[in-house]
């Protein structure tokens, strides 16, 4: 019961907007083999929002994204996407419903060239970005279409990893630490991209360590600690929550 | 010289079978992380299906070339769905043991009904006879086997390296979890891949039927030679498998001419040499 | 990925104590066999295969290396011993020594090649090496090809024990088996065995700790091959022949099967497995090729549902090390 109360507190900013959420996660628990990682995650993401999960290393942010995507073996609780329960669905089914995932390690395939990497994820529904629009966002990729995927620089690989899920028509994107290990100028470019995607109506769930970056794009934040969501607030209340945030993140 | 060319041709034919078989092994290993010990048994099944088609249903060589690989491929897919699938996540060696057991079962059953002697399968009329090339007499069927195998090998290479389906396959070999999270049904792909690898072996079996006769144990020794081919060539590259397969067949053929006593062992000796010089195999990545 | 022989029960003084008791029971049972009227030929044969399987198990169970060509040691030792006894006319003890030394030499040579790769490749390489040897023996004159070496004199061990007497032969074979078994048991529980287990669990880590893992693996391989050779040399006195069937791939497969049925990485599993498989062949021999089918089915069932093997399951149930 204590968990549920916490959840109420955490989801308050979401209910304020009034719309039914694109993603509603309730009491999500997940295991890696024998080890219990998520102990009851609760949060919502509304249409058109950019929501960021913040938290220390090992808090369970990445595991939360992977559980939503259906690639963690054992998971319980409820994950509703567009009103449908997907906690037991396989990841290919979840992807076909319009959920796209960009993993932390980027997952660029070494045995595929850039073009093949870009075209790999199948179109799951109409309304994805065209190749022209993608090259407009990431002009670098166009020049390197015939390179081997892993020969790209770290920044280019990250752009490729984001670009390839924009084609599919999925309107809900999960980005796991897209700025990790990248130069400031590239981080800025990724920030612009996220802002533009938001303007075009994409819904984005972001995991970030880089709190300064998150502040430039996010509408709302959830704090994850020890496999639970322990707090949540809107971007407007960021300054008011600064002290708390420093305690949570230990920065 | 006639004899040399004849042995060279025999070498090319054996090389065709080695290439088709090691290609299938490599494709299966990439997706399933299993060394398919039953590969020799399904090669034999391909030949037997062609034999049954002809003698029971009156269906000839040309349709058998398509039907037999499909029938055996479906058999393989059933094996994958009912057994191999359950080995995911376990040590690769369990796959080897399971498929070894399957090979024993399959070969044992055929031996019970057909003994150990060979059943004849005649060359289709269109490919009977031969032509004089001046320097040698070329039986048409043998030439056909080499050329057709080469086409199938290159076709498979093209499918895997140059098409969208192949891109799925290569990507899923690297990171099946992520490919599945893009909305691709990876378990189905794995099943189809096993079917493809097994189908290629069955195709080699049909091609070999008129040359080597149809015998329950025809795949027993071949599979061990193909293992050596795979160790020599490495399983990282499709083209590497094809080239190594043909090359070793030719070397074996040449050995038959120059030093026949060693023709059974030359591939294994080469494997030892390669392991001493370049342990990862000629085209291989570190395992 | 889970290792093939996940040794979750740590080696403790109690574990060794359990194993000693089990060893005592096994030795006592085997000692009274001639008094029971059980066909000694069957038990002797099973003992040779049990030693062979134990030697194989040393490599897979404790070194993580699956050899699919262990029949080459059985066959090589068999040919060497048989040749020495029949052609050179040496005494039995010298014949056993020649056979074992032959297998040891083969292990040194093939080991240097095979340990260059691991896992699945190691299995394929050992298989190919044994096939290479098969073809050599098929053509070499001293093996007499398809006929094998027949009618081998058994002689008197140390000039005293008449090996033509089944009871005496039985105790000699039993002594050889117990000797080999104890060597393996001692090895597993030695610092050398601990390093082997460390390599099996995590080779890069063992390397980073400063162990020359290749040397350890090679040593384990040579020891395994040598003891498999001892089994092959002893078997000559039981079967009184040496033939190609002992070098065949099918034989290597049977060695794997015995160990798998009994329990990979257990101390007593290979012994139990060897008795079961030898008995199975004995009683099902009337079924012809169906025996192969049944063996294949046992493989499949073991891999799919029974990966711990008989002794592995027993040990797991009682949470003991056996």
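The backbone N, Cα and C atoms fix where each Cβ goes, glycine too.
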Transmembrane segment range according to TrEMBL, out of B:60-79, B:120-139: B:60-79
Range from B:34-54, B:141-160, B:190-211, B:223-251, B:258-277 with the greatest count of C-beta pairs under 8 A to the transmembrane segment (B:6-27): B:223-251
Contact call for the transmembrane segment (B:223-251) against the transmembrane segment (B:190-211), three or more Cβ pairs under 8 Å: no
Intrachain neighbours beyond the transmembrane segment (B:141-160), with Cβ under 8 angstroms and 6 or more residues off its ends: 9, 12-13, 16-17, 19-20, 23, 27, 123-124, 127-128, 166, 169-170, 196, 200, 203-204, 207-208, 210-211, 238-239, 242, 245-246
Listed stretch, out of B:34-54, B:60-79, B:190-211, B:258-277, that has the most CB pairs under 8 angstroms to the transmembrane segment (B:91-110): B:34-54
Same-chain residue ranges lying at least 6 outside the transmembrane segment (B:258-277) that approach it to Cβ under 8 Å: 225, 228-229, 231-232, 248, 251-252
